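In what follows, a single structure is set out as structure tokens and then discussed.
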Amino acid sequence: MNTVIMILVVMTIIGLIFGLVLAYVNKRFAMEVNPLVDLVEDVLPKGQCGGCGFAGCKAYAEAVVLDESVPPNLCVPGKAAVAEQVAKLTGKSAPPIEPRVAHVRCGGDCTKAVKNFEYEGIHDCVAANLLEGGPKACKYGCLGFGTCVKSCPFGAMAMGSNGLPIIDTDICTGCGTCVSACPKQVLGFRPVGSKVMVNCNSKNKGGAVRKACSVGCLGCGLCAKNCPNDAIKVENNLAVVDQSICASCSEATCLAKCPTGAIKAIVSGTDLQQQSKNEAAANS
């Protein structure tokens, strides 16, 4: 019994000694925390998306407060409102931000894209891509397993019934998480005011594209030749729309001239279910 009591006393003394040592170390080597960091972090949306280039909101708050070279407008989800608040707190100037949203640069859904084989592995785009680039004949197209949807920290994406992801542009913050998650680089950004986009990501020549997908861009250049604003160019066998020039002419010349319908008018909406119907109709 005495031995047990002695052990308890010794352990208690050791615990007290360690506690005192830790308290001293904590006080002696404590780093001063700038209260402004917490104030800046409080105005950030807490999406932890990393779109700012830092490892989360706390890291960005520390950087923008402590480093003069870090601008106050890097929080993409926060947009102009958050940029203005951060600028006010830090005494920095916030240049204007062009609002952007993510866009799926592929129209090759399960009814239009040719498959080379049936994939029965892990339901994940990264995993499927490891097997010969995925089951689709087009190695630039969306694999349709929803890795981007799962990665979205704001719930702005859903998988459509046609096997392509749908983006709710009223929820999308343009943070870029889905863009980074896609192994095919199918997802990209577009300005919020965009009117038309090329729903194709293939760099293959027209003949190969036609064999792999019925709605792929052939790189024929008809859209570029007929655009009254000279806003379209063909680069690497793919039509590219310069959104700073495109005025979405009332005739919608590029849409009418595209032989495969790869160029589409932008579809936006707040309800993902309704947008799914709109996307299906637009791709039909």
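Including glycine, each Cβ sits where the backbone N, Cα and C put it.
Database features, via Swiss-Prot:
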DOMAIN    32-92  domain '4Fe-4S'
BINDING   CYS49, CYS52, CYS57, CYS75  [4Fe-4S] cluster 1 binding site
BINDING   CYS138, CYS142, CYS148, CYS182  [4Fe-4S] cluster 2 binding site
BINDING   CYS152, CYS172, CYS175, CYS178  [4Fe-4S] cluster 3 binding site
DOMAIN    163-192  domain '4Fe-4S ferredoxin-type 2'
DOMAIN    206-237  domain '4Fe-4S ferredoxin-type 3'
BINDING   CYS217, CYS220, CYS223, CYS227  [4Fe-4S] cluster 4 binding site
BINDING   CYS246, CYS249, CYS254, CYS258  [4Fe-4S] cluster 5 binding site
Secondary-structure category, per DSSP, in which CYS172 ([4Fe-4S] cluster 3 binding site) falls = coil
Among the binding-site residues CYS217, CYS220, CYS223, CYS227, whose Cα is within 10 A of the Cα of CYS258 ([4Fe-4S] cluster 5 binding site)?
-> CYS217, CYS220, CYS223
Starting from each candidate's C-beta and looking 10 angstroms out, tell me which of the binding-site residues CYS49, CYS75, CYS152, CYS227 has the most other C-beta atoms.
-> CYS75
Could you break down the residues of the domain '4Fe-4S ferredoxin-type 3' (206-237) into DSSP helix, strand and coil, giving a count for each?
-> 12 helix, 5 strand, 15 coil
Work through the binding-site residues one by one (CYS52, CYS227, CYS249) and name whichever has its CA nearest to the CA of CYS138 ([4Fe-4S] cluster 2 binding site).
-> CYS227
Please give the average pLDDT for the domain '4Fe-4S ferredoxin-type 2' (163-192) in this predicted model.
-> 94
Within 10 Å, the Cβ with the most other Cβ atoms among the binding-site residues CYS52, CYS254 is that of CYS254
Which residues, in sequence order, are found in the same chain with Cβ within 8 Å of the centroid defined by the Cβ atoms of CYS217, CYS220, CYS223, CYS227 at the [4Fe-4S] cluster 4 site, excluding those residues themselves?
-> VAL198, GLY219, GLY221, LEU222, ALA224, LYS225, ILE232, VAL234, ALA239, CYS254, LYS257, CYS258, ALA262, ILE263
